[in-house]
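Undergrad: Structure below; questions to follow.
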Amino acid sequence: MTVPAADPPVPTAAALIVAAGRGIRAGGEIPKQYRMLEGDAVLTRTLRAFAGHPAIGQIVVVRHAEDADLFAAARPDTRQPLVDVIGGDSRDASVRAGLAAVDDAMDYVLIHDAARPLVSPDVIDGVLDALACHNGAAPALPVTDALWRGASMVSGTQDRTGLWRAQTPQGFRLGPIRAAHAAHQGGAADDVEVARAFGLEVAITPGSEDNLKITAPDDFARAARLVKGQQMDIRTGNGFDVHRFGPGDHVMLCGLAIPHTRGLQGHSDADVGLHTVTDAIYGALAAGDIGTHFPPSDPQWKGVASHVFLTHAVEMAGERGFAITHADLTLICEQPRIGPHAGAMRAELARILRIGADRVSVKATTSERLGFTGREEGIAALATVTLVAP
Ligand SMILES: Nc1ccn([C@@H]2O[C@H](COP(=O)(O)OP(=O)(O)OP(=O)(O)O)[C@@H](O)[C@H]2O)c(=O)n1
Ligand SMILES: C[C@](O)(CO)[C@H](O)COP(=O)(O)O
């Protein structure tokens with residue numbers, strides 16, 4: 001009997017979150033890591049960022065002795081064991097306290113500031129990937145602004161080549177960083193400094209502008225803007241509709257009467273363009289389709305102008321907090337020719353959608369005389385719309 005080879009064990013990392021500082025520079029009545037950021041404490045967001053990562057097997061939070069109640073209120077439920085320990089008077093003393101509480105079974109430890117709540121999975125992944133071949137790895141961003149020396153007056157400039165803005169999480173193999181901190185006298189700016197003083201090599205991994213450290217009072221407003229940006233609800237909806245030709249001397253397309261040798265048949269005015277955009281908006285809202293809101297069996301919609309349907313969809317989007325940011329409509333027919341009317345159709349569609357014409361596209365194509373549109377039995381239409389709730 002062949003026994004299948006077992007998968008190699010997945011390396012496991014502890015997240016060590018230092019949260020014992022007083023946040024003096026940020027001000028406020030309580031330390032910054034416990035202040036609310038768009039409905040959640042900063043520390044809650046930081047802990048969730050690590051708790052949600054599949055490689056994290058343990059979470060150690062280093063807190064101040066006086067913050068027991070604040071910590072209890074901010075602590076989220078996590079699938080991993082979460083322990084809290086009391087920190088020291090400096091960041092590196094707090095890290096040492098945390099390292100002592102990391103489970104020996106962990107391969108790596110990711111040391112992270114509680115004050116960086118917007119760390120992304122990509123930043124964490126970058127550090128973990130680099131740890132497969134290095135003792136240490138940490139995210140950073142290259143310095144892009146010019147650097148000066150001076151106080152109120154510029155006294156000199158500093159070459160920025162090879163300079164980086166350090167971020168966290170700073171990740172290490174557990175044994176080497178414990179040894180490095182045990183050998184360090186204290187006073188380091190970060191754990192990379194401690195690691196390098198011990199002779200460990202540290203790889204630079206991609207940082208992110210969003211991974212800001214809340215330090216000064218204004219940083220709360222910036223972090224709130226970023227959280228709102230991450231929460232933005234962007235939706236795309238598509239629509240498709242077909243109407244067959246029948247007797248008549250014009251077709252209604254995008255609210256305009258276009259002269260033609262035949263008309264379009266339908267319960268309403270059969271404006272296939274407006275119907276398709278209407279369905280795309282309902283689709284983005286997950287609100288059914290045009291037939292849900294205006295059943296063809298209902299006589300009150302007989303012969304009605306189709307801008308009534310589209311206006312309903314536009315208003316429904318607004319009531320649900322969405323702005324329509326774009327609509328793209330393609331009409332598929334051999335005749336009538338759409339090109340001469342596309343500009344006017346676009347303007348009328350934009351008017352009904354209540355957005356600028358630069359956000360609306362009306363295009364047309366033939367189907368190369370193939371299929372029902374090619375045989376001039378009717379007109380088909382496709383539409384895509386984008387809705388954004390800030
Ligand atoms: N004795 C300390 C000092 C800092 N930290 C933590 O280290 C991180 C980065 O430090 P910093 O932003 O400087 O925080 P504070 O020391 O709280 O800020 P301040 O210097 O303004 O008081 C923070 O999450 C902070 O809680 C810590 O655990 N123990
Ligand atoms: C570790 C650190 O976040 C790296 O940028 C930073 O050094 C800690 O914060 P501080 O403001 O320098 O104390």
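Residue numbering: from 1, along the chain as shown.
Glycine is no exception: its Cβ is also placed from the backbone N, Cα and C atoms.
Just so you know, TrEMBL annotations are computer predictions that nobody has curated.
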Undergrad: His260, His267, His275: which one does TrEMBL list with Asp241, His243 for the divalent metal cation site?
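TA: Candidate in the recorded divalent metal cation site: His275.
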Undergrad: Roughly how many Å lie between the Cα atoms of His275 (divalent metal cation binding site) and Ser268 (4-CDP-2-C-methyl-D-erythritol 2-phosphate binding site), rounded to a whole value?
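TA: With the alpha carbons as reference points, the distance is 10 Å.
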Undergrad: Using a Cβ cut-off of under 6 Å to any atom of ligand 2, determine which of the recorded positions Arg25, Lys32, Lys213, His275, Ile290, Thr366 qualify.
TA: Lys213
Undergrad: Please list, in sequence order, those recorded positions from Asp241, Ile290, Thr366 with the Cβ less than 6 Å from ligand 1.
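TA: Cβ under 6 Å from ligand 1: none.
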Undergrad: I'd like the number of other C-beta atoms within 10 A of the C-beta of Arg25 (site 'Transition state stabilizer'), please.
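TA: I count 12 other Cβ atoms within 10 Å of it.
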Undergrad: In whole Å, how far is Arg25 (site 'Transition state stabilizer') from Ser268 (4-CDP-2-C-methyl-D-erythritol 2-phosphate binding site) when you measure between their Cα atoms?
TA: 65
Undergrad: Hey, how far is Lys32 (site 'Transition state stabilizer') from His243 (divalent metal cation binding site), Cα to Cα, in Å?
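TA: That comes out at 61 Å between the alpha carbons.
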